[in-house]
Amino acid sequence: MLFNSFTFIFFFMPIVLFGYFCLGRFGFRQAAVIFVFLSSLWFYSFWNIYYLPILLLSVVVNFCFGRALERNRNKVLLAFAIFLNLGVLAYFKYFVFFMISIRDFAGISLAVPEITLPLGISFFTFTQVAYLVDAYKSKTDKTQLTIYSLFVTYFPHLIAGPILYHKHIIPQFLRKENYYPHFPNLQLGFILFIFGLFKKVIIADSLSAWTTAAYANAHNLTMVQAWAGALSYTLQIYFDFSGYSEMAIGLALMMNIHLPINFNSPYQANSIIAFWRRWHITLSSFLKNYLYIPLGGSRCGLSRKISNLMLTMLLGGLWHGAGWTFIFWGGLHGVFLTINHLWRRIGIALPVFLSRAATFLAVVYAWVFFRSPTLADAVSFSQTMLGFKGLPGHWSEIQAMPGGYKQAFVLAFLLLVVQLMPDTLKIMNYDERKESKGPNDSGAVGNPADRLKEVGFGITIGIIAGILAFVCLKQMAGGEPSEFLYFQF
């Protein structure tokens with residue numbers, strides 16, 4: 001089931017909200033937890049019910065491991081639990097890639113099985129690995145299986161993140177006040193959901209056709225067409241992921257649950273280091289805390305720091321997908337981060353507009369490898385972008401782009417938006433660290449109620465949200481909903 005479907009918006013979401021608050025309002029909090037847990041399983045089963053046992057088994061096994069680690073801080077047990085989780089992930093996500101790589105490298109005939117990747121396995125695996133490590137470090141509190149199960153399978157985050165941490169989420173499921181309807185959270189959550197829906201349905205999906213046209217013809221592009229295709233995907237993945245992140249936060253917020261911010265205007269970053277503090281924030285945090293720092297981080301000299309960075313980013317690239325293009329993308333960002341750290345050591349500061357432009361161009365270039373089907377396609381595409389296959393000759397080349405002058409105008413406008421406009425969460429004063437104290441608290445989540453009560457602001461936002469909702473629903477009525485890009489990871 002997709003957030004951007006009529007089934008979800010008009011059937012699943014109202015039923016879950018109604019059931020959650022009805023049960024909670026009459027004091028059946030445990031029943032409310034079980035209800036949302038079962039609803040999350042129903043949500044997951046819409047994709048492929050045959051993989052539901054894998055999710056359930058993963059939840060139960062890791063809950064038992066966590067309990068055991070809370071009682072006995074055993075390194076061997078922790079290592080085995082992590083190995084088991086990563087082993088299951090590796091089988092479903094990387095086994096076919098591994099077999100194909102061996103076959104192609106050795107030039108031998110090798111039967112390669114067809115293995116379907118269970119939806120969301122990368123996210124619920126990392127969420128539980130973080131839980132196991134925290135349990136070993138005595139950073140978790142004993143909790144019931146039902147609460148833990150909901151923590152892992154909670155539908156707003158289950159498919160494409162954010163990666164959740166026990167200490168941030170489980171205490172919220174234990175708070176009595178969160179089971180009562182709270183109008184400021186319902187209001188802000190719905191607005192965030194609509195804004196995210198607009199980003200996905202109207203902006204990201206519209207850019208998809210231009211992206212597909214460019215990358216399907218990677219070896220026969222002009223320089224202008226290559227840059228237009230690269231920028232189209234750069235903006236498509238931005239609005240697709242930003243839209244999903246806001247919809248997930250909005251859905252959880254309507255239930256008084258505050259998910260971590262996973263996206264914070266990354267294209268406004270002034271360095272690659274800053275970019276990774278703004279893009280997929282929970283994944284960056286996971287890789288830093290559970291891989292980079294345990295490897296030694298920056299504590300063991302420059303050469304060790306660089307090797308740790310490279311290994312972390314290579315594995316981060318591999319996490320995104322089983323393919324050499326993803327590994328190369330991760331390696332590119334590792335190189336960019338290394339250059340960034342070395343530049344800092346030199347101590348030369350560039351003007352803000354230059355550093356932001358250089359960062360953005362590096363990110364755009366790397367996305368080419370991320371999006372391309374093969375390395376050969378990516379190399380050809382990037383060579384065209386860099387002018388090795390010819391420079392622009394005439395303005396008519398703009399008209400030769402898939403969207404012509406319309407595409408040029410839309411790309412220019414959206415580039416200004418992502419570079420200059422504040423993020424929706426910032427506009428709405430959303431702060432994951434400031435939670436409501438109950439149904440009578442008007443200052444929930446960074447005082448959204450006060451923000452919405454400002455003269456003209458609440459009315460304006462309400463009108464805008466209504467218009468955007470109408471536009472989105474009209475667009476959705478014209479065809480089948482498309483998956484979010486991060487579903488494949």
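Placed from the backbone N, Cα and C atoms, the Cβ positions cover glycine too.
In TrEMBL, the annotation transmembrane segment applies to 309-328, one of the ranges 249-268, 269-288, 309-328. If you count C-beta pairs under 8 angstroms between the transmembrane segment (76-95) and each of 6-23, 115-133, 145-165, 185-202, 455-473, the highest count goes to 115-133. Sequence-distant contacts of the transmembrane segment (115-133) (same chain, six or more residues past either end, CB-CB distance under 8 Å): 44, 47-48, 51, 54-55, 58-59, 62, 65-66, 69, 78, 81-82, 85-86, 88-89, 91-93, 95-96, 140, 151-153, 157-161, 163-166, 283, 286, 289-290, 319, 487-489. Taking Cβ pairs closer than 8 Å, the transmembrane segment (6-23) reaches residues 29, 31-32, 35-36, 39, 42-43, 155, 179-181, 251, 254-255, 476 in its own chain, all 6 or more past its ends. Between the transmembrane segment (455-473) and the stretches 50-69, 145-165, 185-202, 309-328, 404-421, Cβ pairs under 8 Å are most numerous for 185-202. Sequence-distant neighbours of the transmembrane segment (145-165) (same chain, 6+ residues past either end, Cβ-Cβ under 8 Å): 16, 30, 33-34, 36-37, 39-41, 43-44, 55, 58-60, 62-63, 66, 119-120, 123-124, 126-128, 130-131, 134, 173-174, 244-245, 247-249, 251-252, 257, 259-260, 262, 280-283, 285-286, 484, 486-487, 489.
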